[in-house]
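*Asks:* Pasting the feature list from TrEMBL:
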| type | residues | note |
| --- | --- | --- |
| TRANSMEM | A:36-64 | transmembrane segment |
| TRANSMEM | A:85-102 | transmembrane segment |
| TRANSMEM | A:108-126 | transmembrane segment |
| TRANSMEM | A:133-149 | transmembrane segment |
| TRANSMEM | A:169-190 | transmembrane segment |
| TRANSMEM | A:387-410 | transmembrane segment |
| TRANSMEM | A:416-434 | transmembrane segment |
| TRANSMEM | A:446-464 | transmembrane segment |
| TRANSMEM | A:496-512 | transmembrane segment |
| TRANSMEM | A:518-543 | transmembrane segment |
Amino acid sequence: MSAAGSARSRDAATTLVRRLAACVRDAGFDPERFRFASAITLAAIGALYFAFLVNLPNTYWALLTIPLVMRQQSGATVWRSSARLIGTLSGMVVGLVIVAFFDQNVFAIVAVLSLWLFAMGVLARFEMGSDAYAYGVAGLTALIIVLDTRSDGGQAFSYAVSRSTETVIAIIAGFVVGLVLLPRSTLPLVRSSLGEARAKVFETIRLAIDRESEPSAEMQRGFTADLRTVFSNMRSASFERTSPNGSLPRMRAQANALIETLATAEAFSFALAHAERGDAVPQPVEEARRRLAKLFDDLGEGEPDAEEAEERSGRFAALRDELGETISAYAFAEEPDADKLDTVSGLYRVRQLAARLADLYAADAAVLDPKRTFKTVKPTQTRYRDLVAALEIGSRPAIAFALVATFWLFSGWANGRVLALITGALSLLVPTIAPRAALAAAGRNIATGFLTMVPVALLLMVLLPHVQTFWEFAVLIGAPIFVLFYLFAGGPQLPIAIGGTIMLAIGLQPANTPSYDAARLINTGVTLSIMPVLFVSAVTILFPNTTAHVRRHLKRGTDKLFRKAIRRRLDEPGFFGQFVDLLGDYGGDLDVDDETNRRLIGRSRGVALVVHEICGIRNSKGTIPEHADRRLGEIAEEAARAGPQADLSSLLDRVEAVGHDARRRLATTDDAGNSAAFRTVMAAELLHAMIHQRRLCLPGKTT
Amino acid sequence: MTQEISIFGFYFPAIVLCALVAGAIWYALDYAAIRLSAWQFFLHPPLARLALYLVLFALVCAFYPNF
């Protein structure tokens with residue numbers, strides 16, 4: 001080749017490399033996605049290798065399992081894998097029992113499987129994250145074992161053992177890659193989600209301290225969703241045994257301190273905005289508020305280290321103590337003194353916020369420095385168990401499966417069995433891994449994944465018979481999986497990658513002894529294409545998630561948790577753990593531009609404030625005056641049942657009576673230091689203002 | 001090593017039993033190692049933890065009684 005020719009070739013190569021680099025740059029090279037896609041690909045290849053090695057039938061099950069159990073973080077992978085294994089084993093046992101008892105009667109099989117799907121759907125709704133997924137897998141496994149071995153019940157046991165073995169192989173491959181080769185701890189994710197929630201809570205505190213406005217419904221929804229994510233990430237992290245120096249309990253204490261700070265900031269905001277009887281905030285309260293604002297302004301932007309966090313905690317604690325002394329100087333009289341009440345109430349709210357910020361920074365210091373002691377918080381249930389929603393969600397896969405199975409049995413269509421199986425399984429499984437608002441989109445994305453992979457699978461059918469070694473096979477199978485997960489690993493698009501891998505596994509059915517069949521692939525493609533339509537129909541026709549549906553559940557859930565907290569069946573952390581889930585789940589799906597939705601979310605937050613106050617009374621030292629906690633709770637409950645036009649004057653009188661009883665207790669010399677009585681006075685003041693503002697009332701028609 | 005063991009008349013691969021026994025021993029040893037911060041002496045702790053399991057698995061298989 002001439003010198004000019006080689007220079008031209010060099011230029012062309014350089015241009016090509018530059019163009020490719022530009023393409024990658026434009027596509028936004030994401031190292032984290034690259035790592036996850038690589039992990040999935042390696043695990044899929046490893047799983048296939050081991051499955052081929054032990055020469056099991058249906059080796060594609062191992063490939064199918066990988067995208068469902070592998071998560072970006074190690075803890076989440078262990079959680080999902082454990083759920084998959086437990087679900088597979090329990091589904092296997094149930095499947096074998098069904099085969100043993102009902103093998104001769106196909107209609108009985110359909111009925112029993114529908115009941116099983118219903119039960120699993122109900123139980124799945126009671127759990128969150130991968131715990132719910134375990135129930136979904138139990139339903140799926142029983143369906144597979146029963147329907148696939150229906151014509152030959154004697155094979156059911158070996159079939160079930162193969163299924164479990166393939167699952168175990170996939171989990172082991174996932175562990176080796178996700179926990180050993182490319183591990184990624186969940187703790188940084190917990191930290192970052194806590195950081196995001198904290199930023200929003202601090203924004204609320206800033207608004208409250210500056211007395212600009214109460215947090216908007218959108219803000220309330222934002223930090224509730226973030227706190228919900230924090231709880232879910234913490235659950236994932238609990239599956240990592242090597243978390244350094246037990247940092248998870250410290251983070252749990254931090255999250256708890258954050259929730260308490262948030263509730264206190266909202267009470268502060270509401271009390272200062274609405275409780276004043278005069279034209280202006282009393283002078284001592286304004287002065288205390290300014291001091292708190294100054295301390296808050298001086299915090300600066302950067303993340304503090306442990307010493308700095310401790311020092312900040314000390315500064316807020318000093319203000320708390322000083323205000324405590326100022327408040328105790330105000331002696332209460334039995335008869336109401338509006339000015340004094342306003343002053344004490346305002347000072348009390350400022351003091352409480354300072355106290356919570358001191359606690360929050362102390363919790364921060366304990367996270368940053370593992371040698372520091374911290375107040376342990378016992379883990380609580382963070383899932384709101386909505387029975388009505390569970391019954392609805394359980395009915396969906398049961399009805400969908402029963403309908404498609406009936407069509408299959410009466411039409412005699414051979415692929416009807418596969419369709420019934422997948423429709424029942426996915427309408428049970430997908431809601432356990434996709435958020436409710438994204439269910440229909442998830443169905444469409446799975447369909448996109450199916451269709452995307454049909455031509456790829458056809459191409460692989462042409463190429464794979466020519467490969468000689470496993471490693472050539474691995475490259476050909478691994479490349480599309482890598483591309484799928486690199487492009488679609490993020491958030492709502494993940495079902496595309498999962499759907500694509502399902503199509504690759506079922507359509508291609510890679511096996512030790514290859515027997516590729518284009519007709520089978522086309523058949524599978526056609527059958528699977530009907531499934532998303534049925535799935536989307538199932539979630540949009542059977543108990544659709546309309547605004548009215550979500551409002552109804554939010555209202556019912558708020559009332560139920562409120563009732564439990566008032567009757568002492570839930571303590572404060574227990575209430576807030578479930579309340580965050582309830583509001584994050586249902587409140588997150590409501591459009592906050594709608595006035596009714598905004599008021600409904602505001603009502604729920606109002607209820608949370610009342611519970612915070614009542615629990616504050618119960619947790620205080622001293623005797624609670626005349627069952628004040630229960631009386632205030634009952635009054636608030638009645639207010640929460642009232643419509644927008646209801647006459648609330650009798651409730652206001654009753655709240656004043658509770659406040660009067662508590663003041664009388666404080667006015668007696670013997671009981672002057674009764675902090676339960678003092679908090680009752682403060683809670684009565686706040687509740688009075690809330691009822692007066694109709695904060696707890698129903699916003700009118702919610703259905 | 002016996003290929004399969006019978007549990008209530010169902011035949012299970014013996015290797016699964018070995019894996020479970022090795023897993024139980026590994027779980028206890030790993031817990032102790034975490035408490036003693038022993039894994040920090042390894043360049044890649046996850047690999048060392050996996051290696052411990054493989055060693056235990058091999059030992060359990062080697063000493064599995066042939067009944």
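Just so it is clear, glycine is given a Cβ too, placed from its N, Cα and C backbone atoms.
Any TrEMBL annotation is an automated prediction that lacks curation.
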*Asks:* Would you say the transmembrane segment (A:169-190) and the transmembrane segment (A:416-434) are in contact under the rule of three or more C-beta pairs closer than 8 Å, pairs 6 or more apart in sequence?
*Replies:* no
*Asks:* Residues of the same chain, at least six outside the transmembrane segment (A:387-410), with any C-beta under 8 angstroms of its C-beta?
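*Replies:* The answer is 106-107, 110-111, 113-115, 117-126, 139, 143, 416-417, 419-420, 423-425, 427-428, 431, 534-535, 538-539, 542-543, 553, 556.
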*Asks:* Would you say the transmembrane segment (A:36-64) and the transmembrane segment (A:169-190) are touching, if the rule is that at least three C-beta pairs must lie under 8 angstroms and be 6 or more residues apart?
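*Replies:* Judged by the Cβ rule, the two regions touch, with the required three close pairs present.
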*Asks:* Going through A:85-102, A:446-464, A:496-512, A:518-543 one by one, which has the most CB pairs that fall under 8 Å from the transmembrane segment (A:36-64)?
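*Replies:* Looking at each of A:85-102, A:446-464, A:496-512, A:518-543 in turn, the most contacts to the transmembrane segment (A:36-64) are made by A:496-512.
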*Asks:* At a threshold of under 8 Å on Cβ distances, which of A:85-102, A:446-464, A:518-543 pairs most often with the transmembrane segment (A:496-512)?
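*Replies:* Looking only at A:85-102, A:446-464, A:518-543, the most contacts with the transmembrane segment (A:496-512) come from A:446-464.
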*Asks:* Check the transmembrane segment (A:446-464) against the transmembrane segment (A:85-102) for contact, please; criterion is three or more CB pairs under 8 Å, pairs 6 or more apart in sequence.
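*Replies:* They do not touch: fewer than three Cβ pairs between the two stretches lie under 8 Å.
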